[in-house]
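K.L.:
Quick one: the structure is below, and I'll ask about it shortly.
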Amino acid sequence: MIDAIYNGGLNLVAASWWTGAAWPVIWNLIKIICVVLPLLGAVAYLTLWERKLLGFMQVRFGPNRVGPFGLLQPIADALKLLTKELIQPAAAAKGLFYLGPVMAIMPALGAWAVIPFGPDLALANVNAGLLLVMAITSIEVYGVIIAGWASNSKYAFLGALRASAQMVSYEIAMGFCFLVVIMVSGSMNLTEIVAVQGRGTMTDMGLGFLSWNWLPLFPIFIVYLISVVAEVNRHPFDVVEGEAEIVAGHMVEYSGMGFAIFFLAEYASMWLVSILAVVMFLGGWLPPFDALGFIPGWIWLGIKTFLVVSMFIWIRATFPRFRYDQIMRLGWKIFIPVTLVWLLVVGAWLLSPWNIWK
């Protein structure tokens with residue numbers, strides 16, 4: 001369908017040579033807009049869903065004043081932040097102070113270029129998609145470091161130091177999780193990783209969800225879920241912005257749209273790591289049962305991603321914040337050894353007669 005639309009548009013503008021030559025660029029811009037605009041809307045309404053779900057878990061109503069059922073609350077919040085003054089600290093490094101939020105939001109949005117929403121539905125279907133996601137998202141920590149240093153505030157700098165140490169530490173465990181998935185899939189292409197999960201005895205029996213990677217790679221699945229919570233600095237790993245000690249961490253000196261961009265980066269990263277979990281471990285757009293195959297794949301992808309994102313909020317409502325030394329110990333002394341052992345286990349499993357990924 002996507003190819004048909006592209007070819008139709010190409011034929012439509014072919015009459016003018018310069019428009020025809022520019023059509024691939026125009027087409028890519030259209031695809032980028034079709035990904036980014038819904039993503040920004042999803043980020044905005046994720047804030048509302050978080051507040052509503054936390055309210056339900058804490059036996060209160062949550063936002064319910066702006067619009068019917070509070071549905072216009074994200075728009076009101078966006079307008080409020082847009083109209084607030086962007087205050088720059090007197091001793092801040094001006095250029096770097098404004099570069100920090102940009103460095104944080106760009107990787108969170110840029111990594112979506114290789115995320116597939118269906119078998120033939122991706123902005124860029126590249127063979128090294130998983131590697132590209134890892135490379136792009138690792139840049140986000142530089143935005144945090146720059147923001148903390150450029151603010152010329154001890155609280156912001158301390159938050160940036162914590163963030164950089166925590167994100168780098170858990171990136172190692174997360175990278176090993178990626179390696180295990182690459183080993184069993186035989187590819188770094190995200191579309192192929194989903195396709196591999198659609199094969200097997202259980203899929204032939206109509207129980208496709210038992211062929212997904214979450215079951216044979218369950219320890220890796222759990223390590224990945226916990227690692228990405230730490231990677232995006234979400235509760236209970238949010239010592240980076242621990243309200244009781246360093247207020248908002250690296251964002252403490254930001255106001256208005258500067259603060260809003262950091263906020264957008266955090267929630268866009270939540271959607272990103274959630275859809276990656278679905279693609280790598282939960283079958284992507286594949287239905288759990290063959291009987292439900294009539295439902296479009298992008299709907300299944302959306303449902304699964306929404307459930308994983310809701311898990312982030314559930315964790316926030318359930319667990320107390322960990323101490324910083326506990327977070328570092330978990331990453332270095334538990335997760336990295338566990339993932340290394342599982343790399344060896346899966347390697348031996350793939351070479352054994354009981355290889356289920358053939």
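The backbone N, Cα and C atoms fix where each Cβ goes, glycine too.
Below are the features listed in Swiss-Prot for this protein:
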type     : residues : note
TRANSMEM : 29-49    : transmembrane segment
TRANSMEM : 95-115   : transmembrane segment
TRANSMEM : 130-150  : transmembrane segment
TRANSMEM : 176-196  : transmembrane segment
TRANSMEM : 206-226  : transmembrane segment
TRANSMEM : 258-280  : transmembrane segment
TRANSMEM : 297-317  : transmembrane segment
TRANSMEM : 334-354  : transmembrane segment
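Each of the listed features needs to be described in terms of its position in the shown structure.
P.N.:
With a cut-off of 8 Å between Cβ atoms, the residues of this chain six or more beyond the transmembrane segment (95-115) that come close are 32, 35-36, 39, 88-89, 122-126, 129, 132-133, 136-140, 142-144, 146-151, 190, 250, 253-254, 257-258, 261-262, 264-266, 268-269, 272, 275-276, 279.
Sequence-distant contacts of the transmembrane segment (206-226) (same chain, at least 6 residues past either end, Cβ-Cβ under 8 Å): 173-174, 177, 180-181, 184, 197-200, 277, 280-283, 286-291, 308, 311, 330, 335, 338-339, 342, 346, 356.
Through the fold, the transmembrane segment (258-280) approaches residues 39-40, 42-43, 46-47, 78, 81-82, 86, 98, 101-102, 104-105, 108-109, 111-112, 115-116, 130, 133, 137, 140, 143, 147, 177-178, 181, 190, 193-194, 213, 221, 224-225, 228, 231-234, 248, 250-251, 301, 304-305, 308-309, 312 of its own chain, all at least 6 residues removed from its boundaries and within a Cβ separation under 8 Å.
Residues of the same chain lying 6 or more positions beyond the ends of the transmembrane segment (297-317) and with a Cβ under 8 Å from any Cβ of it are 46, 49-50, 53-54, 57-58, 117-119, 121, 225, 229, 234-236, 270-271, 274-275, 277-278, 282-288.
Sequence-distant contacts of the transmembrane segment (334-354) (same chain, at least 6 residues past either end, Cβ-Cβ under 8 Å): 170, 172-173, 176-177, 179-180, 183-184, 217, 219-220, 223, 226-227.
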K.L.:
So what's near the transmembrane segment (176-196) in sequence-distant terms, Cβ-Cβ under 8 Å and 6+ beyond its ends?
P.N.:
114-116, 119, 122, 125-131, 133-134, 213, 216-217, 220, 223-224, 227, 279-281, 283-286, 336, 339-340, 342-343, 346-347, 350, 357
K.L.:
Please report, as numbers and ranges, the same-chain residues at least 6 past the borders of the transmembrane segment (130-150) whose CB is under 8 Å from any CB of it.
P.N.:
92-93, 96-97, 99-108, 110-111, 113-115, 156-161, 163-164, 167-168, 171, 174-175, 178, 181-182, 188-190, 193, 231, 240, 249-251, 254, 262, 265, 269, 272, 276, 280
